[in-house]
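TrEMBL has this to say about the protein:
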type: TRANSMEM; residues: 6-23; note: transmembrane segment
type: TRANSMEM; residues: 30-48; note: transmembrane segment
type: TRANSMEM; residues: 60-79; note: transmembrane segment
type: TRANSMEM; residues: 91-113; note: transmembrane segment
type: TRANSMEM; residues: 133-162; note: transmembrane segment
type: TRANSMEM; residues: 203-224; note: transmembrane segment
């Protein structure tokens, strides 16, 4: 018999498996992304049943271990295609630096103009780094970790769903450039999409995600302080 503690992890896993199957059946279209559909389903459920949300958070906490392992595992495509990244090192570093600054400012400036609370502003500043980093950094500068985590997921989904098509529409068809954009703007979710599209794209995205995460984790507390 399924115990209450195992219920939500099982539901989450089944939702992802089903969504991944639908993603393949839909021709890997963005609207059927396997992270998007389970997220929407769970948000819909808990908007109607708020009492179960804390139980879900507690019961699925161990998924964070797999998240950290998945982020570390993204070093594999980086290692395999490091040559392509290294060959464009100046452009890569410039792109990541510019993207890091733009990612933070695109969150902070609108929030300040809208006179959001300091806690909200601090939480939004971490939107383009991975969830473990975002939660830690947001907490250290007075933000709300749960808000930071939610914003990170939304940002990553948007980058993965819209990024590749938008870049193609703008005439960007280089794998390294696309990977840098997805990794910098969309952290692990964007990087996972880049890995799916191309090995070289995945390598560039993995490097950008790591460099952007480290830069933001170091610089944001200094700026905020």
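The first residue you see is number 1, and the count goes up from there.
Yeah, the Cβs are placed from backbone N, Cα and C, and that goes for glycine too.
Comparison of 6-23, 91-113, 203-224 by number of C-beta pairs under 8 angstroms to the transmembrane segment (133-162) places 203-224 first. Within the chain carrying the transmembrane segment (6-23), a Cβ under 8 angstroms from the stretch's Cβ atoms is held by residues 29, 32-38, 41-42, 55-56, 59-60, 62-63, all 6 or more beyond its ends. Here the transmembrane segment (203-224) has long-range neighbours at 71, 74-75, 77-82, 84-85, 92-93, 95-97, 99-100, 103-104, 122, 125-126, 128-130, 133, 136-137, 140-142, 175-184, 186-188, 190-191, 194-195, meaning same-chain residues at least 6 beyond its ends whose C-beta is under 8 angstroms from one of its own.
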